[in-house]
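Quick notes on the structure that follows.
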Amino acid sequence: MDRKGILIVISGFSGAGKGTLVKGLMSRYTNYAFSISATTRKPRAGEENGVEYFFKTREEFMNMIDNNKLIEYAQYVGNFYGTPKEYVDSQLDSGKDVILEIEIQGALKVKEKFPDTLLLFVTPPNATVLKQRLVGRGTEDFETIQCRLRRATQEAEGIEQYDYLIVNDDLDECIVHTHNIIQGEHSRASRNISKIEQIREELKSF
Ligand SMILES: Nc1nc2c(ncn2[C@@H]2O[C@H](COP(=O)(O)OP(=O)(O)O)[C@@H](O)[C@H]2O)c(=O)[nH]1
Ligand SMILES: Nc1ncnc2c1ncn2[C@@H]1O[C@H](COP(=O)(O)OP(=O)(O)O)[C@@H](O)[C@H]1O
């Protein structure tokens, strides 16, 4: 089978449910690989190095940039976040669909480098629910929550650049809907050039 994996970006406001959605996709379906980002953010209670993120010092992160180890990186509310290159390349080559859970600046850089990337933006049903989820998660102090909500206002300006807006209201529905969008993407003609070329060749013999 000549299928190569699709690169999928999932972005969304802090507290929208990106992480929850990605965990749901990974546990329910087998063809996804999750790209674990590097970050200078401190781990939250329960987060483990190499599971949610690779937690780095600022110096380690700068070395990764200098040694060209990242596909993209960006700053978000005082910390650096970046996508390690090697894992993404190897998983795509092996035919897995690779999920990057990254913010909008990084998303646009990835799209520029790999125009076939599918850009998905996750939103809660409304802003009140967003605040409730962010506060309810209980991982950030009041000031950080305010910074993240202000950042959400900026991010909302860029949503039109995404391919799909995914409303995360009922989680199960959201997981299935996202999976269906990704599966539909595999059928795009532009992703199936080799199949089309094969049929063109075969037609010549009639
Ligand atoms: N550009 C970029 N953004 C990332 C990367 N990893 C995570 N992010 C984004 O950084 C932002 C902050 O992530 P995090 O601190 O885990 O907060 P959360 O979104 O509230 O869970 C989110 O928008 C993530 O999608 C990355 O490798 N590159
Ligand atoms: N569809 C949903 N319905 C109710 N709560 C949700 C839903 N999706 C996520 N949550 C909750 O909202 C909070 C924020 O979700 P999280 O995945 O951490 O968001 P993000 O990764 O976008 O910052 C978490 O406490 C999570 O359990």
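Glycine too: its Cβ is placed from the backbone N, Cα and C atoms.
Taken from TrEMBL, the feature ATP binding site applies to Gly12, Phe13, Ser14, Gly15, Ala16, Gly17, Lys18, Gly19. Marked as domain 'Guanylate kinase-like' by TrEMBL: 5-183.
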What's the number of neighbouring CB atoms sitting within 10 A of the CB on Phe13 (ATP binding site)?
25
The domain 'Guanylate kinase-like' (5-183): mean pLDDT?
96
Within 10 Å of its Cβ, which one of these binding-site residues (Gly12, Gly19) has the largest number of other Cβ atoms?
Gly12
For ligand 1, pick out the binding-site residues Gly12, Phe13, Ser14, Ala16, Gly17 that have a CB under 6 angstroms away from one of its atoms.
Ser14
Just to be sure I understand the contacts, which binding-site residues have a Cβ under 6 angstroms from any atom of ligand 2? Candidates are Gly12, Phe13, Gly15, Gly19.
Gly12, Gly15, Gly19
Cβ distance under 8 Å to Ser14 (ATP binding site), same chain, sequence separation 6 or more: which residues?
Leu134, Arg148, Leu149, Arg151, Ala152
Just how many other Cβ atoms lie inside 10 Å of the Cβ on Gly15 (ATP binding site)?
23
Counting every protein chain present, what is the number of Cβ atoms, excluding its own, within 10 Å of the Cβ of Lys18 (ATP binding site)?
22
Other CB atoms within 10 A, centred on Gly17 (ATP binding site):
23
Beyond the listed site residues Gly12, Phe13, Ser14, Gly15, Ala16, Gly17, Lys18, Gly19, identify every same-chain residue whose Cβ lies within 8 Å of the center of their Cβ atoms for the ATP site.
Val122, Pro124, Leu130, Arg133, Asn168
Same-chain residues at least 6 apart in sequence whose Cβ lies under 8 Å from Ala16 (ATP binding site):
Val122, Thr123, Pro124, Leu130, Arg133, Asn168
